[in-house]
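As given in TrEMBL:
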type	residues	note
TRANSMEM	7-28	transmembrane segment
TRANSMEM	40-64	transmembrane segment
TRANSMEM	85-106	transmembrane segment
TRANSMEM	144-162	transmembrane segment
TRANSMEM	174-198	transmembrane segment
TRANSMEM	218-240	transmembrane segment
TRANSMEM	252-274	transmembrane segment
TRANSMEM	305-326	transmembrane segment
TRANSMEM	346-371	transmembrane segment
TRANSMEM	383-405	transmembrane segment
TRANSMEM	425-445	transmembrane segment
Amino acid sequence: METRGNFGSKLGVILATAGSAVGLGNIWRFPYMAGHNGGAAFILIYLGCIFLLGIPGMVSEFIIGRHSSSNAARAYRNLSGGKPWAVVGYMGVFTSMIILGFYAVVAGWCLQYLYASVAGQLGGDSAFVQTYFKEFSSHPLRPVFWTVVFILITHGVVVNGVRNGIERASKLLMPTLFVLLVVIVVASCLLPGASQGIEFLLKPDFGKVDQSVLLEALGQAFFSLSLGTACLCTYASYFSRQTNLARSAIQIALIDTLIAILAGLMIFPAAFSVGVSPDSGPSLIFITLPNVFNRAFASMPLVGYIISILFYALLALAALTSTISMHEIGTAFFYEELHINRKRGAWIETAVCVIIGIFCSLSCGAVDRLVFFGRSFLDCCDYLTAQILLPLGAFLTCIFLGWFVPRKVVLDEFTNWGTLRGTFFHVYLFAVRFVCPLCILSVFLHQFGII
Ligand code: TRP
């Protein structure tokens, strides 16, 4: 058996885990969720979910993962004292495969847009940009091709191991993405009529908050933090004994939230400026952004051209650091549990995800039979995972950690075996025992009309 890798430095830990958290969830999913649910009010609820439920949830996954230094299922099993908690790990592996399947489709769209930017095909008025997206995404071959390419690239990084592949890539990509995002936010906010979009983001209208908003915000928070599928648990199994788990969780949540808000500031001013409806769903960024690049830089087309290329390249790379983390869950699971080598484990994961990805991609207009109850198969996968499986996974993790894992293990991991003060230990324990499970449960019950 090969030895397990480790992250090489503190910065590497933060950036790799933040690389997992920051991705299409922030830049593609967050804006359309916020747009669909009325903007600022949704964002406030979302922030509540991140800080109240997300951070304790992250610390819990970190504790379970680092304690066991092994794949998701074994991590839960090791601490379960003979009870069937490994199911949460299995569920995580299953959920992350579905997410990787549909996520790769959207990441594939980014690759197509990157290609189209380089070839200068995205220039035109907003009607053209809209048609371009529709025609491309419903094509039977092209998006499928890009989906498969994306999963294969992910595979390529993952087989190269933890330190050389994941860590090195994240250290370079994350800061670059941030700088570029700020440049586009400024460009977008300078467009004529942009202030309406800023208002939409900052002025809460609670009238729009209906029953489903709570679960959508909760699901989005967990999706964005990579919580609920044992993804963080798998990454934490590569953390060293010096990593301060609570502090890392807070730092990552802050980075993740900052990028999501920046993405909102990038999309909405532009959407209002060019007259794209903020609730236009998954296509939102693919229709709004080319317009920003065309209009904001109309007098400097070369700058627009370069920024557009850089943006899609970085978006694809941000997606890559996330798909790597999803892929790693299954890879670590298959190779350790089936006692095969890492390469084979990775191939199993890749094969399953390619199949799911192809179905998701075809459901976006190419094959009508893949639409169920008015939702494409891609949307169904998104709904099933973000709004059911992730909250459920996080709920079970909190119950497990709060009530079943020996308190000494939790305290030792939280305080790095007594070397940290652990000031917030009791607050944390109270949150995972009571606050998180009760909040998640009541959001579920509320969604289904029970309370
Ligand atoms: N958090 C990532 C994003 O925002 C997506 C992601 C990576 C994820 N790993 C995950 C989501 C595990 C759920 C579970 O894009």
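Our numbering is plain: 1 for the first residue shown, then up by one each step along the chain.
Cβ coordinates are placed from backbone N, Cα and C, and glycine is handled just like the others.
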Other parts of the chain folded back onto the transmembrane segment (40-64), taken as Cβ under 8 Å at six or more residues beyond its ends: 30, 33-34, 75-76, 79, 200-206, 208-209, 213-214, 216-218, 220-222, 224-225, 227-228, 230-233, 236, 239, 245-246, 248-250, 252-253, 256-257, 261, 264, 394, 397-398, 400-402, 405, 409-410, 413-414, 428, 431-432, 435-436, 439-440
For the transmembrane segment (252-274), sequence-distant contacts whose Cβ falls under 8 Å of one of its Cβ atoms, 6 or more beyond its ends: 14, 17-18, 21-22, 25-27, 30-31, 34-35, 39, 43, 47, 50-51, 54-55, 58, 126, 177-178, 181-182, 184-185, 188-189, 191-198, 200-201, 224-225, 284-285, 288-289, 291-292, 295-296
Within-chain partners of the transmembrane segment (174-198) [C-beta distance under 8 Å, separation at least 6 from its ends]: 15, 18-19, 22, 259, 262-263, 265-274, 278, 289, 292, 295-297, 307, 310-311, 314-315, 317-318, 321
Of 85-106, 144-162, 383-405, whichever stretch has the most CB pairs under 8 A to the transmembrane segment (218-240): 383-405
Recorded stretch, among 85-106, 305-326, 383-405, maximising Cβ pairs under 8 Å relative to the transmembrane segment (7-28): 305-326
